[in-house]
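Asker: These came from TrEMBL, pasted as-is:
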BINDING   G11, S12, G13, K14, T15, T16  ATP binding site
Amino acid sequence: MLKIGLTGGIGSGKTTVAKVLEVLGVPVYYADDAAKQLMNTNEALKQQLISNFGKETYFENGELNRKHLAAIVFNSKEKLALLNSFVHPATIADAQEWFSKQTAPYVVKEAALLFESGTAEGLDYIIGVTAPLTIRLKRVMNRDHVPAEEVKRRMANQIDEQLKMKLCDFAVHNNEQQLLLPQVTALHNHLLQKAKEATL
Ligand code: ATP
């Protein structure tokens, strides 16, 4: 079974591509969603967060106090790195467990910070989704109902899109000229072929 990473800048259309692949029958692990869930369910991780960010990190009912955590990491690269140093390994372990249960020819791990988090290692190929900055800005502003400044602030936490794409094996161009579905279908067929070759 091949393990494929799927990444791209904010608003590039990673999740959209992942949903298309799911429709084609490909199992997808959504790393960002999983990380959020693990912060609520993984006891070892919860203890690490409490030890480092205070007991206010969780409400009395055990649920994560996102505002408290966000306020701590918002203006501190060090604190954000510390948070990631707990969350990323927990997510990598969770993804490994998920991979071990899959039986499809290939599976996909979708993650915004695939390279930044060091989780690209162990993957056979990486798909990068790319779109021009102006289109990404417009799409996220519409999707999240936030101003351009907020989207730009989120983008500042990610490595440069061109650099990111250089690290990828395959590119999906999600702009307003090239159609998404034919590109994803062609890539899917290519990956099925690669998966077949890998079993020979
Ligand atoms: P994030 O990193 O913020 O989670 P993302 O890379 O997962 O973003 P999506 O959520 O897939 O991006 O796409 C951003 C928005 O743009 C969504 O509302 C999506 O429906 C829309 N979108 C994506 N691709 C297209 C497209 N080809 N045509 C029109 N709208 C699109």
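Just so you know, the numbers here start at 1 and follow the chain as drawn.
Cβ from N, Cα, C; glycine included.
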Asker: Other than its own, how many Cβ atoms are within 10 Å of the Cβ belonging to T15 (ATP binding site)?
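Answerer: Looking across every protein chain shown, the total is 19.
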Asker: Taking 8 Å from the centroid of the Cβ atoms of G11, S12, G13, K14, T15, T16 as the cut-off, which other residues in that chain fall inside it around the ATP site?
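Answerer: Along the chain, the qualifying residues are G8, V17, V129, A131, R139, N174.
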Asker: Which of the three DSSP-derived classes (helix, strand, coil) applies to T15 (ATP binding site)?
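Answerer: For T15 (ATP binding site) - judged by DSSP and reduced to three states - the answer is helix.
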